[in-house]
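As given in TrEMBL:
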type	residues	note
DOMAIN	C:83-389	domain 'Phosphofructokinase'
BINDING	C:G90, C:R156, C:G157, C:G181, C:D182, C:G183, C:T184	ATP binding site
BINDING	C:D182	Mg(2+) binding site
SITE	C:G183	site 'Important for substrate specificity'
BINDING	C:T210, C:I211, C:D212, C:M255, C:G256, C:R257, C:E311, C:Y364, C:L365, C:I366, C:R367	substrate binding site
ACT_SITE	C:D212	active site, proton acceptor
4 protein chains.
Amino acid sequence: MHEDRHNITANQTEIPSLGPSKIGNPAAAMCGPDGTACRFIGENDRVLVYPYPQDIRGKKTPPSFELAGPRSKIYFDPPKLKAAIVTCGGMCPGINSLVRSIVLQLHYIYGVRNIVGVRFGLQGFIPKYGFQMMDLTPTVVEGIHGRGGSFLGMSRGPQPMEDIVDSLERQNIGLLFMIGGDGTLRAGQAIYEEISKRKIKIGVICIPKTIDNDISFVERSFGFETAVEASTGAIRGAHNEATGAPNGLGLVKLMGRLSGFVAAQATLALADVNFCLIPEVEFDLEGEHGLLTQIEKRLDDRGHGVVLVAEGAGQKLFEGKDLGTDPSGNPVLADIGVYLKMRITEYFKEKQKALTLKYIDPSYLIRSVPASSDDRVFTGFLGHHAVHAGMSGRTGMLVSTWGNHFVHVPITLAVGHRRRVDPQGGLWRAVREATGQPSLINSNGGA
Amino acid sequence: MHEDRHNITANQTEIPSLGPSKIGNPAAAMCGPDGTACRFIGENDRVLVYPYPQDIRGKKTPPSFELAGPRSKIYFDPPKLKAAIVTCGGMCPGINSLVRSIVLQLHYIYGVRNIVGVRFGLQGFIPKYGFQMMDLTPTVVEGIHGRGGSFLGMSRGPQPMEDIVDSLERQNIGLLFMIGGDGTLRAGQAIYEEISKRKIKIGVICIPKTIDNDISFVERSFGFETAVEASTGAIRGAHNEATGAPNGLGLVKLMGRLSGFVAAQATLALADVNFCLIPEVEFDLEGEHGLLTQIEKRLDDRGHGVVLVAEGAGQKLFEGKDLGTDPSGNPVLADIGVYLKMRITEYFKEKQKALTLKYIDPSYLIRSVPASSDDRVFTGFLGHHAVHAGMSGRTGMLVSTWGNHFVHVPITLAVGHRRRVDPQGGLWRAVREATGQPSLINSNGGA
Amino acid sequence: MHEDRHNITANQTEIPSLGPSKIGNPAAAMCGPDGTACRFIGENDRVLVYPYPQDIRGKKTPPSFELAGPRSKIYFDPPKLKAAIVTCGGMCPGINSLVRSIVLQLHYIYGVRNIVGVRFGLQGFIPKYGFQMMDLTPTVVEGIHGRGGSFLGMSRGPQPMEDIVDSLERQNIGLLFMIGGDGTLRAGQAIYEEISKRKIKIGVICIPKTIDNDISFVERSFGFETAVEASTGAIRGAHNEATGAPNGLGLVKLMGRLSGFVAAQATLALADVNFCLIPEVEFDLEGEHGLLTQIEKRLDDRGHGVVLVAEGAGQKLFEGKDLGTDPSGNPVLADIGVYLKMRITEYFKEKQKALTLKYIDPSYLIRSVPASSDDRVFTGFLGHHAVHAGMSGRTGMLVSTWGNHFVHVPITLAVGHRRRVDPQGGLWRAVREATGQPSLINSNGGA
Amino acid sequence: MHEDRHNITANQTEIPSLGPSKIGNPAAAMCGPDGTACRFIGENDRVLVYPYPQDIRGKKTPPSFELAGPRSKIYFDPPKLKAAIVTCGGMCPGINSLVRSIVLQLHYIYGVRNIVGVRFGLQGFIPKYGFQMMDLTPTVVEGIHGRGGSFLGMSRGPQPMEDIVDSLERQNIGLLFMIGGDGTLRAGQAIYEEISKRKIKIGVICIPKTIDNDISFVERSFGFETAVEASTGAIRGAHNEATGAPNGLGLVKLMGRLSGFVAAQATLALADVNFCLIPEVEFDLEGEHGLLTQIEKRLDDRGHGVVLVAEGAGQKLFEGKDLGTDPSGNPVLADIGVYLKMRITEYFKEKQKALTLKYIDPSYLIRSVPASSDDRVFTGFLGHHAVHAGMSGRTGMLVSTWGNHFVHVPITLAVGHRRRVDPQGGLWRAVREATGQPSLINSNGGA
């Protein structure tokens, strides 16, 4: 069952539109004498948000998402359209592949010849930064799907909404594709609203990017699988170091500000983690059942161990400390990895027990790897569907998958609260089973 | 929308059972003072087979699958149970990881101490082959999830049903896990029926294995992603050879007897394939729109090209030839790869045009690679859910995912017809767009 | 001790020259205030061909090779020079990296601005093929060191010497870099001789390319290490297939026409090969000590096995069959892999024993992979040294390593006989030890 | 030319011996009817230390190293011998493969049945740590060559010599293999001397381990190639992050306490490093030619850059600070990576210029990866030759390669000063060329 189930209603799933689609879709040209690739998505092709019998019983119109895909009619006249792509926030595997997919689909399938890339995120819209837009053609994006990083460049943090929309108007952009995380989705919604207020016809299509896989109604975010695979290298390294030293302990910090999906999934991918700490599940440091005692027990029993900690885990240990916010507006987290390293070292020193602790923080190495085959295929589809949606005149939405179908989700649904690991669900149960870690909470009166 | 939609009804989704579950599930022990991992799946937790509004409108009980997961009560008494695992058919990445998952779940979570592995597929049940069962403990399966191949051994082909059930009875096995493809599912159903006839209490749980990803009501088969990633190496090699020679053509044969999912997906993962040929889409070899002329055009235009062919494509070219059946009972396919190599070479010779054709058939190299992180995680869950289902007394079923949920599917639903690439669907459209290949059919009167 | 020791004398190691070097080397500009990178190679900097005390005792001038590296004076005036690069023969990892190294060294260090790439090997010189030379600049070669294949294109086989030298003259090329194997070295020598006859001033510098690592006085050939690493994938696949089937036998064919270095080295890199067959060591097929009986014994004992065969092994089995020559002029070898597959299958059929034989022939997959880091570094140095040599006016030579030093070797020394695995040496001893394979020869009267 | 040339004489290369070898070498059994693998190394088989004509001219006995390999007679009686293996210091790719090679050679080729592994370095000899020796058999080492880390365990730091030799005597060990770096070699020499003093017959054979590749008369250290390949991942990540952000700078710290071989080689393996800083070449931080100004210039010109720093570079910046020594007795280095990160950030802040600095310190991730094929083959030979040497009664020596030959080197020669990158040599020249970095020294009066 989907781990995240806050209740929505049918009318919350409606996708805004710039106006009626009246132009025949040039994608129909694919349909040839072999009769393949001839089908368009109809207006009633939708998939239920809650595909469970008990959730639909007695309901007239249970909420459902519009299916993504090509429509028989489109809104924009391709030769007249100028489209723009912007990539925001932190690095994530697959961004280049996604940009390439959007460019190729616009160019070859829809015949759009005027495509530009915005440099370095939202800064690229603001004149004072002095970045020029980059013309995007099939030649420019050739081969980039195999490379890590983002060739357009990215930056964190918001920019004034009015300035961005001014820039869109000034440059005559009709369709904007925004690739980014929660902050970018908020910016996308604000841009959409500003556009609506000005009564101009510019479409805004978002493609959610979150290496933490933590956006609501986004079943799978691109780059996540690749990040998990890359993370296993760090865990294996920690395990090798731990087993190769007397009382060896490997401590690995992974991403995961609010949600521990990367850490949980990476734990399951290998068999080497003994303690997996994520933001969703609290743990005590001290006390009989606390982490320190449990690590000591593990080392006493087996002589080595691996602790994996998501960057957002254990933040209650820093309560009362305000570290401010980063350029994206997120609160700066206390560094739980460095803190645990210090506390564990102290603990063993006090106990006068040997300890060889190796701390590994591979963050940028994971964010910048090239996308796996599967993430390349996935970003290919995301790009196609973003273009189909945008060309049809839809706006204020993002492309997502739900129940394994590509769908359109209003931005308003996706922002506001995060997808998180359900401590009662199958994923966390599997982590508990894989690590064998007990509950790390000191109950009053013992467990 | 799911590409495969033959109509089923609610009562077709019922899972057979050995009897009522009355023993408390020892997995409840995971539930500790942190309050996590305490939830069981209820009797009414199901997911719709067709999660589309128009499919449920007006229906009282639209068909749905039972959700997989731990139940609060189980059927078998763990200390008294002997369980067996058998792996059948051809190699597929992830088998070892899956076996390990079943063993660890039975051992650590349910407390089953008597687990055996059947050697070399169904042959392992038949005394005349002389194979001994292998005791499976956590120590035996340590580290095998990182290795390719199958440490239990596999074999193709059926064995007499009575002999197998005799063997199960003789060895006092109460729960049998069968890992295999379409043939194995049929065998599983036959074993289940023989067991029912004998009125004995042995559960049969299947986990579908098909590198072609072609089993009905199985949304994703393990090893498929890994196989696609491995296939890209062969395509990249073909591309490098093709671009490095005058009029270079790389020809790659991949698996795909009845369904072209591997070929289609691998085509999308790179950008180097110019013609992708799969069983589901016919092509002409000769004539203006036929493959030979189109390859010639491609080489005239660009000087190099790559053709990717699934082993089951173009079989109409061999009509009238009966090549018999293989040990699994599947018809032997004519070798389309070797045939195309010959025909293309002849064609260019006749035309007196230069051609440097490099033929690559990487089959076993793909089947035997270790599973990716994602497939290791996936097989982990499949193993857990197979054990939960088996321990609860369910039988005659397989574990699958549907709409991204793990579910129970009756074997009878999964056999009988294959999942295939829909030539009208999004996957094939994407392949057509990625390759730029036209329809390869000569229509009467031209196209 | 070097396995290859045919006797040469000091005067055989002299490098031909176009004339005295009188221009200051612009590479001196690297020498800055930190005092690094200021040294040139002197005229007497040489390394012994046979660095063994007993080989130099009493000799006045034991043979030695000139050390490679920058000279203080150069022959060509960079702004007036036009240089060309040609890549010949079969694919080999590292070619792109090597071409890039030559281009960057010529451009940035020596200031040569006129560099062209010959398309598709020697064909690129011959007007009838219609290939244009490609201008090579730092931009053109950006990023190619990370890619497999050869972006210039290659072809096999010789072309008329006069036509090639005509082409060089016509296009005003002063310095030619030739990358290729034994045939290319012969062509290089012939071109050098034709140039000498015409009394024109064109330098010819070869860089030996042989994935088999079989050229005399070439201690290490680029791409070899990468090829061995890639080969291990095929062996591991064969092992996984073999262990996963009843009486499973994996049979892998690797490159190695005349020399079995790839097969021998790949055998040592894993521990999974039971029989390694190379051209240098004969084996019997039949008889008590023959391969077939020994394979049978292995399967009887262990139930699985792996045979690795170099393509040039066992050619005595085909004696009397003349299969002609390939475009490079090499005799076409009978396909020992396919032959062994057939004979082993027959043998077990006759004996009515089970056998599951999986045959893997990964050839192009190995040749087309990108170069490893170590081969990229190595090709970088080869390119630098080729340019240093060429700019100094040397000709008729190749760049090599000897005793771990980069040296200049006259082409005449390198052609004519091959480096081969010494059946008495340490490499073959190690293979025998790693496989545990016995002598596969039926001695008269038994062994 | 070898970058390291401190002068030694012929008698410095003599290898100590336990006594005359009188037992026939059982390795002769490899010699079969095919006549291969029958040769032993003779007493006069040596290779020159300085294989340069000018170095041998007029010398009667230029210094030379004894060639490694099997001797026809051995010293120890295999059935009576107990051998031990100890692994010391920090992790390095290939240790497991090397231990395996020693065990298999002792067991299968020489018939030694009593082999033990010392746990956790020299601590394993000292009773107070409580570690038991581990019996080493072919079964125990099966498959370990494919795994990173050290299954025996390692530790840093010396232990009392007398206690170690007491332990050797007490446990009746006749032959000790020591795998470790400079400190271990010193310990090996001290153990050898203590043994000599006691007039007992225990052989001590060292195999040098240094991921920095910095031991004298050791041309290549195992694990180095693998470490370079692994390092390229960090550099590529830094490059991707740098190009993806406005004024992006990637800063990577690699190993290299005294010698910058890893950093230099990794720089050459990719083309993405703009400044490579190593211990052997000084640089100024401030001033017109200093690093900070040069980084600023690079960012002004190109908008992104990568700085690679070996951990031992720039230590003059910390002059006057004494940070003590680590457990191995090496001086603790100030953290140049963290320091540069701080100073660069400050510099751009003062200049009020944008900067996105990403700092990557992958240390343990590089040390713990599995060995490459080439390093597995290399460690295989090192192990064989160590065993040949030890069984022949040699002692107080290490196994090395010199001029591409495996040789015996007295420990006394290898300790005492380090192999370092020659700032005048070809390697550093190539780095300067690859990065385009200028001299970073402010000369008096400008450059």
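Each residue, glycine too, has its Cβ placed from N, Cα and C.
Because TrEMBL annotations are produced automatically, they should be read as predictions rather than curated entries.
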Compare the Cα of C:G90 (ATP binding site) against each of the binding-site residues C:G256, C:E311, C:R367 and report the nearest.
C:R367
Taken over the domain 'Phosphofructokinase' (C:83-389), the model's mean pLDDT:
95
Listed binding-site residues (C:G157, C:T210, C:G256, C:E311) that sit near chain B [CB under 8 A]:
none
Expressed to the nearest Å, what is the distance separating C:G256 (substrate binding site) and C:D182 (ATP binding site) at their Cα atoms?
14
Going by DSSP, is C:L365 (substrate binding site) sitting in a helix, a strand, or coil?
helix
If you take the centroid of the Cβ atoms of C:G90, C:R156, C:G157, C:G181, C:D182, C:G183, C:T184, the listed ATP site, which other residues of that chain have their Cβ within 8 Å of it?
C:C88, C:G89, C:G180, C:S328, C:N330
Between the Cα atoms of C:R367 (substrate binding site) and C:D182 (ATP binding site), what distance do you get, rounded to the nearest Å?
17
Largest pairwise Cα distance, Å, within the listed substrate binders C:T210, C:I211, C:D212, C:M255, C:G256, C:R257, C:E311, C:Y364, C:L365, C:I366, C:R367?
17
Chain-internal residues, separated by at least six, CB under 8 A from C:G157 (ATP binding site):
C:G121, C:L122, C:G183, C:P327, C:S328, C:G329
Intrachain C-beta neighbours of C:D212 (substrate binding site), sequence separation six or more, cut-off 8 angstroms:
C:S221, C:F224, C:M255, C:G256, C:R257, C:L258, C:S259, C:F261, C:V262
Which whole-number value in Å describes the distance between the Cα atoms of C:T184 (ATP binding site) and C:L365 (substrate binding site)?
23
Give me the long-range Cβ neighbours of C:G181 (ATP binding site): same chain, 6+ apart, Cβ under 8 Å, in sequence order.
C:C88, C:G89, C:G90, C:P208, C:K209, C:T210, C:I215
Which whole-number value in Å describes the distance between the Cα atoms of C:L365 (substrate binding site) and C:D182 (ATP binding site)?
22
Inside 10 Å of the Cβ of C:G90 (ATP binding site), count up the other Cβ atoms and send me the figure.
21
Rounded to a whole angstrom, what is the C-alpha distance between C:E311 (substrate binding site) and C:D182 (ATP binding site)?
17
Using all protein chains shown, find which of the binding-site residues C:R156, C:R367 scores highest when you count other CB atoms within 10 A of its CB.
C:R367
Excluding near sequence neighbours, so keeping only residues 6 or more apart in the same chain, what lies with its CB under 8 A of C:D182 (ATP binding site)?
C:T210, C:D214, C:I215, C:V415, C:R418
